[in-house]
Amino acid sequence: MSEKMVAIMKTKPAYGAELVEVDVPKPGPGEVLIKVIATSICGTDLHIYEWNEWAQSRIKPPQIMGHEVAGEVVEVGPGVEGIEVGDYVSVETHIVCGKCYACRRGQYHVCQNTKIFGVDTDGVFAEYAVVPAQNVWKNPKSIPPEYATLQEPLGNAVDTVLAGPISGKSVLITGAGPLGLLGIAVAKASGAYPVIVSEPSDFRRELAKKVGADYVINPFEEDVVKEVMDITDGNGVDVFLEFSGAPKALEQGLQAVTPAGRVSLLGLYPGKVSIDFNNLIIFKALTVYGITGRHLWETWYTVSRLLQSGKLNLDPIITHKYKGFDKYEEAFELMRAGKTGKVVFMLK
């Protein structure tokens, strides 16, 4: 193994990133070193690349970017048990304390002292990465690396879609970005019908169809609520899944969901949102879930089994694959332009 490696690094507090050569890290106690096979770009990585307000408040350059990964364990640090060299793995990004009130109740996904791998630590946009052993997930060999690297965001989609019953339910999904597309795949694999998708981008509406959406709506040109009511015989949808983070989409979805329906919110909003709680939530007796992270480790088992079942249609979602990191700038600019689904760097 070489002593040097290539990595995409946020080298300074400004727009962009650099491809640099750095030392291969050594795993310490409770850590493992993985050789990266595949790694994918998340919206969080794009925020860091763009150096937006959130990134400026959280990221401390210089730092290796990236957190979605599939790789092979090549070295095990002192004190690590149950993980061996050669294991094919992915990584849960929430590094939890195990001691706070939430953790002691088994609610690790809302740990009050969470650190994010690849945000608060060096990440996986590199040929090798050091990972906390407690965050390692072993993958079945049957799952290809370009799918295995998507398990972390896929877990977000699974928790959003499966927060309540979904089989045989009518569904509205607002936002067909990468997470929304994963949500479509999970909803279809889980027996939802019809799956209606509201998305302003022509490119992403076409992707939504390829993934399995039964109906697509352009909210800039069509009346979303009217279209949903027409499709559902005036009843509204049983389940509303909000992936966009657009306040207008939230309002439209709450109007379009049937009384006593279920709402799952994953999209993050730019600020405070004004909602008619009385008429859109309380008097409709809606059940509303806020979704963050993934349930550890229940969601990972669900994700892995869905992938192994062969029922998830993910190929249309992976719109771009790059061999290595050389074209990382092109990849990020395409994402900024909204012209991608998931972007995957393949290192093997």
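Start at 1 and count along the chain as shown; that gives each residue its number.
Using the three backbone atoms N, Cα and C, a Cβ is placed for every residue, glycine included.
Predicted, not measured: the structure shown is a model, and the values here were computed from it.
The active site, charge relay system annotation in Swiss-Prot covers Thr44, His47 and rests on sequence analysis. As annotated by Swiss-Prot, Zn(2+) 1 binding site applies to Cys42, His67, Glu68, with the evidence given as sequence analysis. Positions annotated as Zn(2+) 2 binding site by Swiss-Prot: Cys97, Cys100, Cys103, Cys111. Among the features that Swiss-Prot reports, NAD(+) binding site is placed at Leu179, Glu199, Arg204, Leu266, Gly267, Leu268, Ile291, Thr292, with the record citing sequence analysis.
Checked against Cys111 (Zn(2+) 2 binding site), the binding-site residues Glu68, Arg204, Leu266 differ in C-alpha distance, with Leu266 being the nearest.
A helical conformation is recorded for Arg204 (NAD(+) binding site) in the three-state DSSP classification. Cα-Cα distance from His67 (Zn(2+) 1 binding site) to Glu199 (NAD(+) binding site): 27 Å (rounded to the nearest whole number). In the three-state DSSP assignment, the secondary structure recorded for Glu68 (Zn(2+) 1 binding site) is strand. For Gly267 (NAD(+) binding site), the nearest of the recorded positions by C-alpha distance turns out to be Thr44; the candidates were Thr44, Cys97, Cys100.
Of all the binding-site residues listed (Cys100, Cys103, Cys111, Leu268), Leu268 has the fewest other CB atoms within 10 A of its CB. Residues within less than 8 Å, Cβ to Cβ, of Leu179 (NAD(+) binding site) and separated from it by at least 6 positions along the same chain comprise Gly43, Pro153, Asn156, Ala157, Thr160, Phe243, Leu266.
Neighbour counts of Cβ atoms within 10 Å were taken for the binding-site residues Cys42, Cys97, Leu266, Ile291; the minimum is at Cys97. Classification of Cys97 (Zn(2+) 2 binding site) by DSSP places it in coil, neither helical nor stranded. For the recorded positions His47, His67, Arg204, the ranking by surrounding Cβ atoms (within 10 Å, all protein chains) places His67 first. Apart from Cys97, Cys100, Cys103, Cys111, the residues listed for Zn(2+) 2, the same chain places the Cβ atoms of Val96, Gly98, Lys99, Tyr101, Ala102, Arg104, Tyr108, Gln112, Asn113, Thr114 within 8 Å of the centroid of those Cβ atoms. Classification of Thr44 (active site, charge relay system) by DSSP places it within a helix. Note on Gly267 (NAD(+) binding site): other Cβ atoms within 10 Å of its Cβ, all shown chains, come to 20. Between the CA atoms of Glu68 (Zn(2+) 1 binding site) and Thr292 (NAD(+) binding site) there is a gap of 16 Å, rounded to the nearest whole number. Comparing the Cα of His47 (active site, charge relay system) with the Cα of every entry in Cys97, Cys100, Glu199, these being the binding-site residues, the smallest distance points to Glu199.
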